[in-house]
Ligand code: KMT
Ligand code: NI
């Protein structure tokens, strides 16, 4: 895992866009983003039991797996959005970037690789992209039924209870 402020410069979303300002795991936890490095499925099972993640599936994002849909999918993942549930991802292989908004509404880029696990809290604005390797294989965990509905950023969401809860807990 490597976290840093995004440079906001033009260029492919899959490039590093590293501004040079590094952030730590504790900077991430201050905005409710939890990072773990877990090198066994038993470790993931223990975390899942502790946090009540009852369901899981696996996804591979790559041109090999997705064919012509790949470029479209990668652009969709990169639209800024939030969810009304936590987003939990465990990287089994490959690499990818999760970008999350910080307290100043700046993008923080989090580079994840094999055995990295991230929990994004409900209500945080975020986006995802593969990196230049164009390959990630991840486990998606969830508490109940998978609810993937992305709610794209909009002022209408300022009154969403999950957004309000996130803002009052981490951004106030
Ligand atoms: C998401 O929600 O953006 C994804 O599931 C992307 C693939 S998992 C790293
Ligand atoms: Ni998401």
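Quick reminder: no glycine exception, Cβ is built from N, Cα and C everywhere.
Per TrEMBL, these features apply:
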BINDING   81, 83, 87, 126  Fe(2+) binding site
BINDING   81, 83, 87, 126  Ni(2+) binding site
Specify the count of other C-beta atoms within 10 Å of the C-beta of residue 81 (Fe(2+) binding site).
20
Can you tell which of 83, 126 has the least company, meaning the fewest other C-beta atoms within 10 angstroms of its C-beta, among these binding-site residues?
83
Name them in sequence order: residues not among 81, 83, 87, 126 whose Cβ is within 8 Å of the mean position of the Cβ atoms defining the Fe(2+) site.
82, 120, 124, 125, 127, 150
How many other Cβ atoms are found within 10 Å of the Cβ atom of residue 87 (Fe(2+) binding site), counting all protein chains shown?
22
Can you tell me the three-state DSSP label for residue 81 (Fe(2+) binding site)?
strand
Any idea what DSSP makes of residue 87 (Fe(2+) binding site), helix, strand or coil?
strand
